[in-house]
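Undergrad: Checked Swiss-Prot, it gives:
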type	residues	note
BINDING	5, 163, 180, 181, 182, 204, 205	purine D-ribonucleoside binding site
BINDING	21, 25, 43, 86, 87, 88, 89	phosphate binding site
């Protein structure tokens, strides 16, 4: 089957891909590549391919939420990709994590049903965890660059505006330190499809502190600093 949304050709997408939700972020991070080439812009799913540390990598846009990232991952895999690092933003659920810091994700909680039921074809739950080797490399890369990070589980939500005080208490009490929208899909599909995947998140807001948000300038700096560590990992 050929991709329907990502209209790149085989050979125009690398085996190793940094995936982000925001097309603007994909455009920004492409400046870190040598000779980046825009290989897809259909549907706003920007994909760039270039060199970093002498290795070919791609930066691709996955949009918002589980169904969107599932489509993009499936189509990138059709084009030859099999290693994915999601690099996104997250809302902290615990007060000790500061804005602009990083979370290297070790697992994702999620609600049953929907996309997961359709892929798994029953109500069984797959452990939604990243590739250990890739995650360990991320820890090493972030440590080498002296970037402040936490390692822990997140909750993958399907409803951005359903996050209130009760939500924070519920999911933090279950061992989750942050909330985002795509990790569970990424990790579960990777298990089912035989891909390798991992995730790093930049803390853009803290729900445990009343929903305070990072400034645009501070977020961009943290994103660019962390992206170098992510690309170091992809090319090591």
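These residue numbers are counts, starting from 1, taken along the chain as shown.
Quick reminder: no glycine exception, Cβ is built from N, Cα and C everywhere.
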Undergrad: Give me the Cα-Cα distance between residue 5 (purine D-ribonucleoside binding site) and residue 43 (phosphate binding site), rounded to a whole Å.
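TA: Per the Cα atoms, residue 5 (purine D-ribonucleoside binding site) and residue 43 (phosphate binding site) stand 7 Å apart.
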Undergrad: Taking every protein chain shown into account, which of the binding-site residues 180, 182 has the largest tally of Cβ atoms within 10 Å of its Cβ?
TA: 182
Undergrad: Output, ordered by sequence, the same-chain residues six or more apart from residue 86 (phosphate binding site) with a CB under 8 Å from its CB, or 'none'.
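TA: The list for residue 86 (phosphate binding site) reads 19, 20, 62, 69, 182, 183, 186, 197, 198, 199, 200, given in order along the sequence.
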Undergrad: With every protein chain in view, what's the tally of Cβ atoms within 10 Å of the Cβ of residue 89 (phosphate binding site), excluding that atom itself?
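TA: Taking all protein chains shown, residue 89 (phosphate binding site) has 20 Cβ neighbours within 10 Å.
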Undergrad: Within 10 Å of residue 88 (phosphate binding site) by C-alpha distance: pick out those among the binding-site residues 163, 180, 205, and say none if nothing qualifies.
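TA: Within 10 Å Cα-Cα: 180.
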Undergrad: Of all the Cα pairs drawn from 5, 163, 180, 181, 182, 204, 205, the residues the record ties to purine D-ribonucleoside, which distance is largest, in Å?
TA: 31
Undergrad: Within the chain of residue 204 (purine D-ribonucleoside binding site), which residues six or more apart in sequence place their C-beta under 8 angstroms from its C-beta?
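TA: When sequence neighbours closer than 6 are ignored, residue 204 (purine D-ribonucleoside binding site) has 89, 90, 91, 99, 213, 214, 219 within Cβ distance under 8 Å.
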Undergrad: Three-state secondary structure of residue 25 (phosphate binding site) from DSSP?
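TA: In three-state terms, residue 25 (phosphate binding site) counts as helix.
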Undergrad: Please list, in sequence order, the residues in the chain of residue 181 (purine D-ribonucleoside binding site) that are at least six apart in sequence and whose C-beta is under 8 Å away from its C-beta.
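TA: In sequence order, the residues whose Cβ lies under 8 Å from that of residue 181 (purine D-ribonucleoside binding site) (at least 6 apart) are 21, 64, 65, 66, 156, 157, 158, 160.
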Undergrad: Pop the Cα-Cα gap between residue 87 (phosphate binding site) and residue 180 (purine D-ribonucleoside binding site) into the table, whole Å please.
TA: 11
Undergrad: Write out the long-range same-chain contacts of residue 25 (phosphate binding site), meaning residues 6 or more apart in sequence whose Cβ is under 8 Å from its Cβ.
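TA: Listed in sequence order, they are 61, 223.
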Undergrad: Does DSSP put residue 163 (purine D-ribonucleoside binding site) in a helix, in a strand, or in coil?
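TA: For residue 163 (purine D-ribonucleoside binding site) - judged by DSSP and reduced to three states - the answer is coil.
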